[in-house]
Structures are given as C-alpha cells and as structure tokens.
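Everything on this sheet refers to the single structure shown next.
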Amino acid sequence: MSDRPAARRWGKCGPLCTRESIMVAFKGVWTQTFWKAVTAEFLAMLIFVLLSLGSTINWGGAEKPLPVDMVLISLCFGLSIATMVQCFGHISGGHINPAVTVAMVCTRRISIAKSVFYIAAQCLGAIIGAGILYLVTPPSVVGGLGVTTVHGNLSAGHGLLVELIITFQLVFTIFASCDSKRTDVTGSIALAIGISVAIGHLFAINYTGASMNPARSFGPAVIMGNWENHWIYWVGPIIGAVLAGGLYEYVFCPDVELKRRFKEAFSKAAQQTKGSYMEVEDNRSQVETDDLILKPGVVHVIDIDRGEEKKGKDPSGEVLSSV
C-alpha cells in the first residue's frame, strides 16, 4: 500500500524529470555556433585524413614497392594535425579525434550530447576524406589506403597496449599545452600537438600503424572493407586518452578551487547523513564546462560551478571545448 503514493508521484514527476534532464543535456546544441563547430570538426577531419593518408600511398605499386618512408609519413601526419588545430581550434576546439573528445567528456569540458555530434562528424569526415583519396589515386598503387593493421608478429593485446601508450602521450600533451593555469607556455600549442603526433608515428608505425585516432582508422577501414583487429583502434586510444586526461586534470594539476568545492560538497553530504534524511533541491542551473578555445595570445577560462566565463562568451551561454 505504501508504494502506491510513491508510484503516483513518480508517474507525475518521471516524464517531467526526464524532459528536464534531456533539455539540460542538450543545452546549447541547437545553436548556430555549435553547428559551426560540428561542421568544423567534419571539415578538419576530412582534410586531415585526405592529406595524411596520402603520404602512406606507395607509388611503386605492388610489383615494385618503394621502401616505407617513416619520416615522411610521421611529418605529414604531425604537420597536418598541427595545421588543422591552428585553422579550426578557435571554431570547434580542434579535437579532430574521437579519443580526445571522450577525454574532454570525462574531464567535464564538453557534454555527452555535444560529444555525440562531434564524434559523428569526425567519423563522417574521415570516411569522405578516405573516399576522396581512393577516387583520385590510381588503382595500381592504392594498396591498403593507409588502413592501420597490427604487425604480424604482435598479438592483439600488444597492439592494444601500444595504441594506449602513444595516445596517452598525445592527450597528456594536449592537456598540458592548453592548461590555463600555466604561465610558462609561450610556444605554439598546435605545433606541440603536431610534434606529439609525429613522435607517436615514429615509434609505432611498424607496430600498429600508429593510429592514436579512432576516426583516422575508421575512414579507410570503411572504404577498403578491412576490419581486421579494428576494435584495437577504438579501445586502445580511448582508454589512453581517458587515463591521460584524468591523471592530468585530477592528479597532477587539479584545479584548487574545484578541489575545495568537492571537499565542501562531500562534507555537507556527510553531515546530512548523520541527521535526518533530507531531500535537497538545487535550483542552480547545471552548466557543464566546455573547455578552452585556442586563440593566439588568449586563454579562455570558465568557472566550473557557476558557468562564468572571463572571455569570449558564446551566445548560447556556453563555450565550445578545445584541445
């Protein structure tokens, strides 16, 4: 009998609560600025995949293949991503990588709803970029179109570990380079990210093809229909990215103010459990932190609790995330 009133209350509150939760989750999505950012992620990934995969084409063909030029490939990938971050960083944040986007979600710099659109745009851009390269490349030299594969002498577990490590160093570089609390960063953030990508390729091309980017592997895999060990290029980079983002954000360089608020919240919760149980309603609007947007000489800082922005506020009230 006692469950019926509760069921009635839930019947009235449930749909409303669900609608409110959905509206909060999709806050800022239906804005022109956000869709410009999604389009930028799509275009940046398309150009990146087209240019970088082009460096993997062996123009000697299958009969007389030329030696693989690891330096050429590494520089092309690194400089391509640096250029795209420089071009689109102020529009979308320049993720250009689903693993980076997931790391931003885990560190509360972008909402889950927005990340879904970002990742979809990245994957679509990668497919179209790989498709364009396939169309303009002679069939006799197209080869594997840069599809990432694990070396024959390596197990899937070893390949997974390699992808985890190289993505970890990339994402850690991103978080360290874009840390607004640092005053010693004077060089180009885009170039630092590009160098990190190049280093990952120099190390891991012979191991796994050095993906570090699930969309980069997804695009050519769709065009060529080659899905061998493809899961490695999603699981490895995403785990490495989440570990890097979490360790940097919450262990190595935590925000002092955020840490203080967490302590206050936990202490209040502990005090409430000691007395009578109370249901507390928080009327403050929940605003997620959409991280820093790269601009030359300008750093954007957002207050995590209050959603206050010191510079460059988006018309929707939020700031798009960035690397």
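Cβ coordinates are placed from backbone N, Cα and C, and glycine is handled just like the others.
Here's what Swiss-Prot has on this protein:
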type	residues	note
TOPO_DOM	1-36	topological domain 'Cytoplasmic'
LIPID	Cys13	S-palmitoyl cysteine
LIPID	Cys17	S-palmitoyl cysteine
TRANSMEM	37-57	transmembrane segment
TOPO_DOM	58-69	topological domain 'Extracellular'
TRANSMEM	70-89	transmembrane segment
TOPO_DOM	90-93	topological domain 'Cytoplasmic'
INTRAMEM	94-101	intramembrane segment
TOPO_DOM	102-115	topological domain 'Cytoplasmic'
MOD_RES	Ser111	phosphoserine
TRANSMEM	116-136	transmembrane segment
TOPO_DOM	137-155	topological domain 'Extracellular'
CARBOHYD	Asn153	N-linked glycosylation site
TRANSMEM	156-176	transmembrane segment
TOPO_DOM	177-184	topological domain 'Cytoplasmic'
MOD_RES	Ser180	phosphoserine
TRANSMEM	185-205	transmembrane segment
CARBOHYD	Asn206	N-linked glycosylation site
INTRAMEM	209-222	intramembrane segment
TOPO_DOM	223-231	topological domain 'Extracellular'
TRANSMEM	232-252	transmembrane segment
TOPO_DOM	253-323	topological domain 'Cytoplasmic'
MOD_RES	Ser276	phosphoserine
MOD_RES	Ser285	phosphoserine
MOD_RES	Thr289	phosphothreonine
MOD_RES	Ser321	phosphoserine
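The structure, with features from Swiss-Prot marked on it.
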{"residue": "Ser111", "record": "phosphoserine", "Cβ within 10 Å": "24"}
{"residue": "Asn153", "record": "N-linked glycosylation site", "Cβ within 10 Å": "7"}
{"residue": "Ser180", "record": "phosphoserine", "Cβ within 10 Å": "14"}
{"residue": "Asn206", "record": "N-linked glycosylation site", "Cβ within 10 Å": "13"}
Original post:
Cα of Ser111 (phosphoserine) to Cα of Ser180 (phosphoserine): how many Å, rounded?
Top reply: 20
Original post:
Taking the Cα atoms as reference points, how far is Asn153 (N-linked glycosylation site) from Asn206 (N-linked glycosylation site) in Å?
Top reply: 11
Original post:
Looking at 37-57, 70-89, 185-205, 232-252, which one has the highest count of Cβ pairs under 8 angstroms to the transmembrane segment (116-136)?
Top reply: 37-57
**OP:** Can you check how the pLDDT averages out over the topological domain 'Cytoplasmic' (102-115)?
**Re:** 93
Original post:
Can you tell me the three-state DSSP label for Asn153 (N-linked glycosylation site)?
Top reply: coil
**OP:** Going by DSSP, give the three-state secondary structure for Ser180 (phosphoserine).
**Re:** coil
**OP:** Provide, as an integer number of angstrom, the distance between the C-alpha atoms of Ser180 (phosphoserine) and Asn206 (N-linked glycosylation site).
**Re:** 36
**OP:** Report the listed stretch (70-89, 156-176, 232-252) having the maximum count of Cβ pairs within less than 8 Å of the transmembrane segment (185-205).
**Re:** 70-89
Original post:
Apart from its near flanks, which chain residues at least 6 from the ends of the topological domain 'Extracellular' (137-155) lie with a Cβ under 8 angstroms of it?
Top reply: 52-54, 56-62, 130, 162, 206-211, 216-217, 220-221, 223-224, 226, 228-229, 232-233
Original post:
Using DSSP, how many residues in the topological domain 'Cytoplasmic' (102-115) fall into helix, strand and coil?
Top reply: 9 helix, 0 strand, 5 coil
